Amino acid sequence: MKKMIIHGGKRLSGELTIGGAKNSTVALIPAAILADTPVQFDTVPHILDVHNLRLILESMNVHSTFENDVLTIDPTNIEESELPSHAIKSLRASYYFMGALLGRFNRATVTFPGGDNIGPRPIDQHIKGFKALGANVVEENDSVFISTGTEGLHGARIFLDVVSVGATINIILAAVKAHGTTTIENAAKEPEIIDLATFLNNMGAKIRGAGTDVIRIEGVPALHSRATHTIIPDRIETGTYLSLAASIGDGILLKNVIPEHMESFTAKLVEMGVDLQINEDSIYVPRSNDLDPIRVKTMTYPGFATDLQQPITPLLLRANGSSVVIDTIYPQRTQHVEQLRKMGADIRVQDNLIVVGHSSHLQGAHVEAGEIRSGAALMIAGLAASGVTEISRADNILRGYDRVIDKLHTLGADVEIAADEEVPEN
């Protein structure tokens with residue numbers, strides 16, 4: 001494992017460019033195996049999840065190259081094979097291979113995926129969707145075996161009991177080549193779902209309604225890539241750096257941003273008193289001084305993203321009063337709380353609420369990044385704190401943030417990644 005070493009306590013300034021969306025990328029890469037031609041993606045983030053997904057592709061004889069932010073994937077000689085468990089178990093989004101393999105081969109075997117430990121994220125809605133499409137699903141030990149009869153998959157009406165990004169994407173992947181029309185009701189509306197649908201439609205798929213709560217998929221026999229697909233900017237990375245800029249910035253410009261995707265987040269910053277300058281594809285954050293406390297409640301898109309409730313926490317510590325965070329999506333997403341307390345933060349969990357008090361002075365400490373977004377919160381806090389902060393399990397941060405060390409260096413941060421001898425590899 002790796003650790004992040006931060007010499008904090010100084011103001012940062014400059015500009016940086018937001019990378020492609022992680023949550024799009026981890027769906028688009030499995031989707032590529034549905035194509036009958038090579039496919040190409042641009043603005044691909046340099047994150048560990050991409051590396052692990054490429055390992056999974058290689059195990060199926062799907063070759064890929066990754067140069068200058070461009071990822072080329074050639075699925076024309078794909079072979080069914082057992083997917084590498086070490087790569088599957090390291091990232092949650094590997095479950096998208098269930099839908100993609102089902103769409104390609106009418107069968108799939110996938111080990112239960114890993115990823116962040118932030119409480120239960122069941123796949124029952126995925127299974128419900130596959131069964132509605134005509135698949136037989138068997139769960140055994142830590143694996144899922146999915147198969148169809150000789151008729152293959154067929155269109156169906158599927159009502160999701162809960163709004164689920166993962167289930168919406170997996171059903172799209174399975175249904176895009178199925179016979180007939182599939183309707184997903186109570187579908188997730190995230191921009192990453194629109195991005196996936198755009199990619200598939202440009203290859204000949206017939207998907208309507210992405211971005212609304214009703215998505216209709218008319219199955220097609222084949223998909224052929226015609227052009228490079230540019231991945232949308234990462235709204236979670238954007239929000240993380242907005243929080244950093246408002247916390248410890250002395251004027252920071254974020255480029256390659258879609259402001260419409262950030263409205264629930266930027267509205268909260270404005271409510272705090274941050275003087276954002278929002279342009280067509282960039283956001284400038286001047287130095288922020290007196291900040292008001294706020295109440296944050298996570299919701300499905302277009303509400304406040306659960307992935308941003310931890311990264312905004314270091315900013316809430318600067319507010320003149322107590323802020324409250326309610327995570328309705330993953331109430332157990334509180335790993336950052338105890339770690340921030342080690343740095344002197346006035347923060348606690350109380351009756352499923354996170355109460356964040358004014359903390360004028362954070363002190364560097366040894367802390368642990370239990371998952372991606374708690375790691376981002378600790379990173380911002382470490383940059384704000386006086387002294388040295390060491391974040392163990394920093395691989396979790398590298399999993400989700402594109403070239404994070406390089407970007408922090410461009411802002412003037414004193415930060416580095418080093419081997420962590422005390423934490424063994426998984």
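Cβ from N, Cα, C; glycine included.
Keep in mind the model is a prediction, meaning the values are calculated, not measured.
Listed in Swiss-Prot for this protein:
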ACT_SITE  D116  active site, proton donor
BINDING   K22, N23  phosphoenolpyruvate binding site
BINDING   R92, R121, P122, I123, D124, Q125, D307, I329  UDP-N-acetyl-alpha-D-glucosamine binding site
(request) Would you mind listing, in sequence order, the residues at least six apart from D124 (UDP-N-acetyl-alpha-D-glucosamine binding site) in the same chain with a Cβ closer than 8 Å to its Cβ? (result) none
(message) Using CB atoms and a 10 A radius, I'd like the single residue among the binding-site residues N23, Q125 with the highest neighbour count.
(response) N23
(message) Can you give me the Cα-Cα distance between I123 (UDP-N-acetyl-alpha-D-glucosamine binding site) and N23 (phosphoenolpyruvate binding site) in Å, rounded to a whole number?
(response) 17
(request) Using DSSP with the three-state reduction, classify I123 (UDP-N-acetyl-alpha-D-glucosamine binding site) as helix, strand or coil. (result) coil
(message) Helix, strand or coil for K22 (phosphoenolpyruvate binding site)? Use DSSP.
(response) helix
(message) For a quick check of packing: other C-beta atoms within 10 Å of the C-beta of K22 (phosphoenolpyruvate binding site), how many?
(response) 26
(request) Please list residues from the chain of D307 (UDP-N-acetyl-alpha-D-glucosamine binding site) whose Cβ is under 8 angstroms from its Cβ, counting only those at least six apart in sequence. (result) I236, G239, I372, R373
(message) Among I123, I329, the binding-site residues in question, whose Cβ has the most other Cβ atoms within 10 Å in this structure?
(response) I123
(request) Using C-alpha atoms only, work out the spacing between K22 (phosphoenolpyruvate binding site) and R92 (UDP-N-acetyl-alpha-D-glucosamine binding site) and round it to an integer in Å. (result) 12
(message) At a 10 A cut-off on CB-CB distances, which of the binding-site residues R92, P122 has the highest count?
(response) R92
(message) Between the Cα atoms of I329 (UDP-N-acetyl-alpha-D-glucosamine binding site) and N23 (phosphoenolpyruvate binding site), what distance do you get, rounded to the nearest Å?
(response) 16
